[in-house]
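In what follows, a single structure is set out as structure tokens and then discussed.
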Amino acid sequence: MIKKRNTTKISVIGAGSVGATTAYALMLSGVATEIVLVDVNKSKTEGEAMDLSHGADFVKPVNILSGDYKDTEGSDIVVITAGAAQKVGETRLQLINKNINIFKSIIPEVVKYNKDAILLVVSNPVDVLSYVTYKLSGFPKERVIGSGTVLDTSRLKHEIGKRYKIDPRNVNTYIMGEHGDSEIATWSVTNIQNIKIDEYANKENLEYNDNFRKEVYENVKNAAYEVINRKGATFYAIALAVTRIVKAILGDEKTILPVSTLVENYYGIKDVYLGMPCIVGGSGIEKALSIDLNKTEASKLVKSAETLKNTLNNASCL
């Protein structure tokens, strides 16, 4: 449990597009009094810290530093965004061997100075790397969290909201499983302000059929690829997703977010990190929720878990 105190320290490992934008989003949110940026490119972190610090007059007081692992000591949360970037046409799972090797050098250094921190993994493939972090750190599963399908879920809400012309915040739904190509949309539990989506669509004379579900799902699943094809990388939305998770932890909100967590017995799935609805609070992941899926969704989730397990088993650098 993160103890309430006058200062809050967050370290961000990796100062690429995602890491730097995450630091910016955290700065704007006002959740931290100190943000430390660490990267192999020291000049880059120095430049990012300088640029961010020059805006200190416009936000709540925050000290932004460029440092090394020693400077992260005593962090409440360590956000890990370091790793090779996903290239055009490259899947998240194809990144695995590059990023596992990077994590083998990062995680021991993070743990050395942060025995009590919560580790929030953002680097892709996030579910696999969350599991790797869990194993390398020796931390309890509650304190090793992946950003999971928080962003994917936001994309799904956005797609439904756009088509139905409603506030996406009124859409209750989840993307579960891998943050990637095998993720699943939980249509069976999707509702609009507690009205089941099929009932809502029927009442409002809106489209809701197999074609609708397929189009929406494909748009969500391929969203990152579409962004990468156009601008080279995704970073704004994931930075906001990470900030949302951080706020839930630091505020001990006990809110439900579909983060990546160690699944131990859910539809027969064991020993793998997956995006699951979890209660997130001051202790990290306080509980993973075993929501009831229909047979098709459950089968797809099992396959998603198998995909991730096979990737881990086939990783040449483990």
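Numbers run from 1 along the shown chain.
Any Cβ shown, glycine's included, is placed from N, Cα and C.
Feature annotation from Swiss-Prot assigns active site, proton acceptor to His179. There are 31 other Cβ atoms within 10 Å of the Cβ belonging to His179 (active site, proton acceptor).
In the shown protein chains, 29 other C-beta atoms lie within 10 A of the C-beta of Asn124 (substrate binding site). Under the heading NAD(+) binding site, Swiss-Prot lists Val18, Asp39, Lys44, Tyr69, Gly83, Ala84, Ser105, Val122, Ser123, Asn124, Ser147.
DSSP assigns Gln86 (substrate binding site) to coil in the three-state reduction, placing it in neither a helix nor a strand. If you look up Swiss-Prot, you'll see Gln86, Arg92, Asn124, Pro125, Val126, Asp127, Asp152, Thr153, Ser154, Arg155, Thr234 marked as substrate binding site.
Tyr225 (phosphotyrosine) has a Cβ environment of 16 other Cβ atoms inside 10 Å. What Swiss-Prot lists as phosphotyrosine is Tyr225.
Cβ environment of Ser105 (NAD(+) binding site): no same-chain residue six or more positions apart lies under 8 Å away. When the recorded positions Val126, Ser154, His179, Tyr225 are screened for a Cα within 10 A of the Cα of Ser147 (NAD(+) binding site), the ones that qualify are Val126, His179.
It is 16 Å from the Cα atom of Gly83 (NAD(+) binding site) to that of His179 (active site, proton acceptor). Distance from the CA of Tyr225 (phosphotyrosine) to the CA of Gln86 (substrate binding site) is 9 Å. Rounded to a whole value, the Cα-Cα separation of Ser154 (substrate binding site) and Tyr225 (phosphotyrosine) is 16 Å. Distances between the Cα of Val18 (NAD(+) binding site) and those of the recorded positions Asn124, Val126, Asp152, Tyr225, Thr234 are shortest for Thr234.
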